[in-house]
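A.B. asks: The following feature annotations were taken from TrEMBL:
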- 510-521: compositional bias 'Polar residues' (COMPBIAS)
- 31-474: domain 'Major facilitator superfamily (MFS) profile' (DOMAIN)
- 504-529: region 'Disordered' (REGION)
- 21-42: transmembrane segment (TRANSMEM)
- 79-100: transmembrane segment (TRANSMEM)
- 112-133: transmembrane segment (TRANSMEM)
- 139-160: transmembrane segment (TRANSMEM)
- 172-190: transmembrane segment (TRANSMEM)
- 202-223: transmembrane segment (TRANSMEM)
- 288-309: transmembrane segment (TRANSMEM)
- 324-346: transmembrane segment (TRANSMEM)
- 353-375: transmembrane segment (TRANSMEM)
- 381-408: transmembrane segment (TRANSMEM)
- 420-441: transmembrane segment (TRANSMEM)
- 447-470: transmembrane segment (TRANSMEM)
Amino acid sequence: MENKTQSNGEMKENKAVKKKANWSGSLIVASLTGAFGSSFLYGYNLSVVNAPAVFIKKFYNETWERRYGFSMDENTLTLLWSITVSIFAIGGLVGAIIVTPIVKFFGRKCTLLLNNVFAVAAALLMSLSLLAGSFEMLILGRVIMGVDAGISLSALPMYLSEISPKEIRGSLGQVTAIFICIGVFTGQVLGLPEIFGQESRWPYLFGVIIVPSLIQVMILPFLPESPRYLLLEKHNTSKAEKAFQTFLGKDDVSHEVEEVLAESRVQRNTKLVSILQLLRTRAVRWQVITVVVTMGCYQLCGLNAIWYYTNNIFSEAGINHETIPYVTLSTGGAETLAAVFSGLVIERLGRRPLLIGGFGLMVVFFAVLTVSLTLQKTVYWLPYLSIFCILAIIASFCIGPGGIPFVLTGEFFQQSQRPAAFMIAGTVNWLSNFAVGLLFPFIQSGLQTYCFLVFAAICIAGATYLFFVLPETKNKTFHEISQAFAKRNKVSLEMQEMNHYSMERKSSAEQESNFTSSVDNGDTKKGIV
């Protein structure tokens, strides 16, 4: 009895120590520094082109007239501006495609560091375009900045998911979304007329991009590489132990090393999985589908449409045209606060309620917004309801759908599958982004205010799928998450039974090569981080 009491006391003490050690200084610095030079720049470049749009179009027209002796027609100007805005997504798609071999060869941390070459090059091209009298430099800079964003939105969540203990993996993963929101808000602030929102100052908006990159380059080299990458892919146990000690803030990391080694022993003959191999692996088929659905809904849920309508709705509410840029800051502020709130509660409420609840709330507010926009000229107070709906939709998005898809992609897959999974997620993300930019003007012109019902339908479809398929991943190991998917999918379970039966008849070498089919059978050790 005494031994049992003593054992319980030791367990409580160990849990207390483990909880205390979760948030180490190095872990916080690594997450903040990594996000500031990565996801922050993605958010910043989403919003930074809005404020100086009039001045940039004027620069395009003046450059054209100086070269060819006549002014640019309206259609050509609109086309050039559309290319300038949307080509960011094309660069992002390129970055998402090339990220897998880069993170494999250079590692997660070094990929983030090397990615700053793209950011600095893009910043110089865009900020010097006015001085050089070349709008092509601005467009090329947007492409290169998109490549930077495509790489960082895969490498950063990968790095954060591998350096964090599972107890705080969700909160740390939300840092990506929080800094995207802070980046958007910063772009809005710096674009105010009192700062850089002037005809002579707009190039500075793009030159500022260098600052986060330089800060990341100065700090991140002094922090360790992902310990899982060091142990599983570089087979460097001593460096992995030091990395664990730094990130966890404790000397004894034998438990963490052993957990990762358990996965290493299972994967000793498993090479890095390609996209085609991952898509053919039935044991993770529903994980891949879920990532595609969440990433697709992340871009297609209608937030871009909200930004399109914001100025018009504020104007209809009687807000002075000169005041609208300042009122628009409320949208960036709501976005940031909601993302921070999500990061604080995600380990208590879980991923599933926040993601499904966020989509559900967006459906409600999209419906109310459609009614208020349709009838706003008949009732004087409806424009104010529209403003509330805009802020509520933004907040609902950032509570769950705005960040959790990145977290889930890092949680669903084993070490050898993760780079390919992030490439798939990034490709869906950027293709959906480009599709929205291409198709939304046609949807808007055809349906007018009823276009929001299209986005409401997408949110309903996403929430319904996630309700029936997505298991809760909070505080679970990769193997436990894989098992949860197997239990939820009868087809997956049947395939695993067939794989198990066929594996009994194969040689041990063939068994090892079919690792991805056997993971969910429970053959691996329970305790993989």
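Note: Cβ is positioned from N, Cα and C throughout, glycine not excepted.
Automated prediction, rather than curation, is the source of TrEMBL annotations.
The model shown is predicted, which means the values in this text are computed figures rather than measured ones.
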A.B. asks: Out of 324-346, 353-375, 447-470, what stretch is closest in contact terms to the transmembrane segment (288-309), meaning most Cβ pairs under 8 angstroms?
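C.D. replies: Result: 447-470.
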A.B. asks: Which stretch from 79-100, 353-375, 381-408, 420-441 shares the most C-beta pairs under 8 Å with the transmembrane segment (172-190)?
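C.D. replies: Stretch with the highest Cβ contact count: 381-408.
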A.B. asks: Give the one range among 21-42, 202-223, 324-346, 353-375, 420-441 whose Cβ atoms make the most pairs under 8 Å with those of the transmembrane segment (447-470).
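C.D. replies: The listed stretch sharing the most Cβ pairs with the transmembrane segment (447-470) is 353-375.
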A.B. asks: Any residues 6+ beyond the ends of the transmembrane segment (21-42) with a Cβ under 8 Å from its own?
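C.D. replies: Same-chain contacts beyond the flanks: 109, 112, 115-116, 119, 145, 148-149, 152-153, 155-156, 159-160, 163-165, 167-168, 172, 175-180, 182-183, 186, 209, 212-213, 215-217, 219-220, 223-224, 246-250.
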A.B. asks: Taking the transmembrane segment (324-346) as the first stretch and the transmembrane segment (112-133) as the second, find out whether 3 or more Cβ pairs fall under 8 Å, excluding pairs closer than 6 in sequence.
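C.D. replies: By the criterion, they do not touch.
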A.B. asks: Looking only at residues six or more beyond either end of the transmembrane segment (202-223), which have a C-beta under 8 A from one in the stretch?
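C.D. replies: 26, 29-30, 33-34, 36-38, 40-41, 44-45, 48, 51-52, 55-56, 109, 112-113, 116, 119-120, 122-124, 126-131, 138, 141, 145, 187, 190-191, 196, 246.
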A.B. asks: Please tell me whether the transmembrane segment (353-375) and the transmembrane segment (381-408) touch - that is, whether there are at least 3 C-beta pairs under 8 Å between them, with each pair 6 or more apart in sequence.
C.D. replies: yes
A.B. asks: Test the contact criterion for the transmembrane segment (420-441) and the transmembrane segment (112-133): 3 or more CB pairs under 8 Å, pairs 6 or more apart in sequence, then answer yes or no.
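C.D. replies: Judged by the Cβ rule, the two regions do not touch, with the required three close pairs absent.
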A.B. asks: Mean pLDDT over the domain 'Major facilitator superfamily (MFS) profile' (31-474): what is the value?
C.D. replies: 88
